[in-house]
Amino acid sequence: MSGVVISYNERNIATIEDVDLTNKKVLLRVDMNSPIKDNVIMDTSRIRSHIKTIKELVELGSKVVIMSHQGRPGESDFISLKSHTEILSKLLGFNVEFVGDIIGPEARKRIATLEVGEVLVLENTRFLSEENIEMPFEQLMNTNFVKKLSHLFNYYVGDAFASAHRSQASIAGFPLVMPAVAGRVMEDEIKGLSKAINGERPSTLFIGGAKLKDAIKIMNHLIKTKKIDNILTGGLVALLLLKAKGYNIGKAEKIIEEKFASLIPEAKELLKYDNIFLPEDFVSDVDGNVEVVSSKEIKGSPKDIGPQTIDYYNELLKNSKTIILRGPAGVIEDERFRNGTIKLATESLNSNAYVIFGGGHFISILNDLPPMLRKRIGYISTGGGAVVYFLSGEPMPGIEALALSYEKFFKGLKQ
Ligand code: 3PG
């Protein structure tokens, strides 16, 4: 091995340069989890981000089998990877094959006959029920998933940084039983985000979106450990906090009550911190009309932060030295409700702060920004929740497993 390792919390992780991939079978875990509307992929950034890793693996003469998840069981974005594969073929300029199977005979048979230069995509890993259970490492090593596939490959390449906070078989199980290296996305993320950890203060996190359980966990950690100076909220995160405060949140009541009522006590605890900020107004869909409504009197379905909130958040962003944007602030899939997210990004980039685009669905507004501003972005992460876990020092099983793999399979090898 050439010794081109990366360092994470003083642990080593091997990279693509450390192994000879000629004629080798490689199991590559990427994260192509994308925003979906009516079964259609709305943004291909996540898919595009892995192109350099895939190209490199093919150019190095390996046989590549790709795994990824899409959505969560029971949600409308929980779809097959067939259309992701079509996009991959277009982006790579050659045919990428899709097999509608993961660990069954169909997939294993195809993996066995794979030739150099061929790229195969397996079905959505979360179609396997055991993949949806986060487990300790000893159990992950013994899942059917890992047992059925690991012996078919020479190497595992971990490129799914955006899912590295999940202790799931496809992410942390394989590296424990076979030599594993970091792909290019994983490598860039670890290096890029490490810069933000030692970022200048004051630091501000904008947190929005609909992954409320994760958001509460993240806010709790960052606020209690004082790793962040301000937290600005938007999206459903903000509506949950307003509901916890006793406000009427209009038509958002239903979703919060039905899906997130158990989070209200924790949300109430967070209201005690005066450096967590809530929107003062929203852009709401009131019987089909777009209206600005005060947070104190929400009517209709609140879908974006309002103009007053944007101004007041912008003041805080202007004075920050490090900004992490983990959004979105509203329902950005709908043109009428993209403004808040775009304005926050614009103001952040107009400041002198080091700005990190904390991934997930936030990056899908990149094309709305002028090129001059895009150049100001310090780092664009493909990870949503993963970014904040990383920055707050939470365990990252997907990275930890790569470090363990290094210790087990690479350490002591002649360089
Ligand atoms: C993400 O979008 O943050 C990752 O793909 C992980 O998805 P998850 O939160 O459903 O595990």
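Cβ atoms here come from the backbone N, Cα and C positions, even for glycine.
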Problem set entry | Recorded substrate site member, picked from ARG11, ARG108, ARG166, ARG184, that accompanies ASP31, MET32, ASN33, ARG46, HIS69, GLN70, GLY71, ARG72, ARG126 in TrEMBL | ARG166
Exercise. Out of ARG46, HIS69, ARG126, ARG166, which of the binding-site residues has the smallest number of neighbouring Cβ atoms within 10 Å?
Worked result: ARG126
Exercise. If you draw a 10 Å sphere on the Cβ of GLU333 (ATP binding site), how many other Cβ atoms land inside?
Worked result: 15
Exercise. How long is the line from the C-alpha of ASP31 (substrate binding site) to the C-alpha of GLU333 (ATP binding site), rounded to the nearest angstrom?
Worked result: 20
Exercise. 10 Å Cβ neighbour count around GLY71 (substrate binding site)?
Worked result: 16
